[in-house]
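The region 'N-terminal domain' annotation in Swiss-Prot covers 2-189. Taken from Swiss-Prot, the feature (6S)-5,6,7,8-tetrahydrofolate binding site applies to S113, L114, L115, P116, supported by sequence analysis. The annotation region 'C-terminal domain' is assigned in Swiss-Prot to 210-315.
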Amino acid sequence: MSDSLRIIFAGTPDFAARHLDALLTSGHNVVGVFTQPDRPAGRGKKLMPSPVKVLAEEKGLPVFQPVSLRPQENQHLVADLHADVMVVVAYGLILPKAVLDMPRLGCINVHGSLLPRWRGAAPIQRSLWAGDAETGVTIMQMDVGLDTGDMLYKLACPITAEDTSGSLYNKLAELGPQGLITTLKQLADGTATPEAQNEALVTHAEKLSKEEARIDWSLSAAQLERCIRAFNPWPMSWLEIDGQPVKVWQASVIEDATQSLPGTILAATKQGIQVATGKGILNLLSLQPAGKKAMSAQDLLNSRREWFIPGNRLA
């Protein structure tokens with residue numbers, strides 16, 4: 001293609017690999033790939049390459065895996081590729097200003113939210129957690145701040161009542177490459193129009209933790225149901241019964257008012273396990289005891305009915 005760019009790609013997980021795959025079929029010239037060092041994984045703690053490294057090596061691309069881009073000798077790895085632009089997608093390393101300034105057109109990032117909403121580490125999960133009606137991807141020019149650069153292109157998608165972080169991740173992994181290819185075309189032909197982020201509209205997507213995912217029955221049923229979807233597939237909402245963690249995969253909201261204390265089991269039937277919350281009733285539909293597969297409430301009651309006696313309270 002006449003407006004082909006020399007591109008350095010930097011990314012690590014599957015989400016990033018999908019963007020690299022799109023670049024490789026776009027007609028641009030990917031001159032090098034940066035990804036995180038191989039990490040121990042699995043029971044044997046065997047060193048495993050990132051999905052981006054696997055794809056890059058399949059395609060015969062040069063792969064670089066520095067632990068940091070702060071040392072000058074590692075920055076030379078970038079400079080020596082003489083790229084027009086560096087595309088960064090879930091890379092996991094900070095790019096110093098010297099690196100940001102190296103490519104002719106700078107560095108651009110694909111971020112999984114409609115900036116300036118949800119800057120930070122967990123934008124997909126936080127959009128669900130907060131009950132947002134939509135989310136999307138933003139392609140932005142990178143600067144030294146955390147997701148603070150000028151916006152180049154946005155694509156939105158609705159959040160449905162059935163979406164989990166897993167399903168939303170897949171939606172954005174389809175949208176992101178579309179936005180990226182469009183943005184690169186605009187950069188190549190000089191039609192990109194950077195837009196500053198409105199600082200008054202900024203929200204921050206804090207990292208998730210396993211402790212945050214513990215169900216707090218004082219919250220409303222609607223909030224808890226959103227948390228269950230937001231924390232799926234990681235870290236998974238959970239409750240504790242008899243000292244054992246039990247993951248919750250699916251629940252529904254019953255708007256009925258209840259005078260019972262939050263955490264009180266109101267009913268346990270094949271239709272679900274109904275628990276009082278700070279507002280409304282949460283109906284648990286699919287659960288996973290430690291060491292077991294996820295199962296319906298009915299199947300769990302068949303083996304552990306003593307866990308869910310109406311009138312008892314869950315911690």
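Using N, Cα and C of the backbone, Cβ positions are placed for all residues, glycine too.
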Other C-beta atoms that fall within 10 angstroms of the C-beta of L114 ((6S)-5,6,7,8-tetrahydrofolate binding site): 21
Secondary structure at L114 ((6S)-5,6,7,8-tetrahydrofolate binding site), reduced by DSSP to three states: coil
Helix, strand and coil residues within the region 'C-terminal domain' (210-315) as assigned by DSSP: 22 helix, 41 strand, 43 coil
In the chain carrying L115 ((6S)-5,6,7,8-tetrahydrofolate binding site), residues 6 or more apart in sequence that have Cβ under 8 angstroms from it: T138, M140, D147, M151, K154, Q197
Residues flanking the (6S)-5,6,7,8-tetrahydrofolate site, with Cβ no more than 8 Å from the Cβ centroid of S113, L114, L115, P116 and excluding those residues themselves: H111, R117, W118, R119, P123, G136, T138, D147, M151, K154, Q197
All-chain count of other Cβ atoms within 10 Å of P116 ((6S)-5,6,7,8-tetrahydrofolate binding site): 20
Intrachain C-beta neighbours of S113 ((6S)-5,6,7,8-tetrahydrofolate binding site), sequence separation six or more, cut-off 8 angstroms: R119, P123, I124, R126, S127, T135, G136, V137, T138, A205
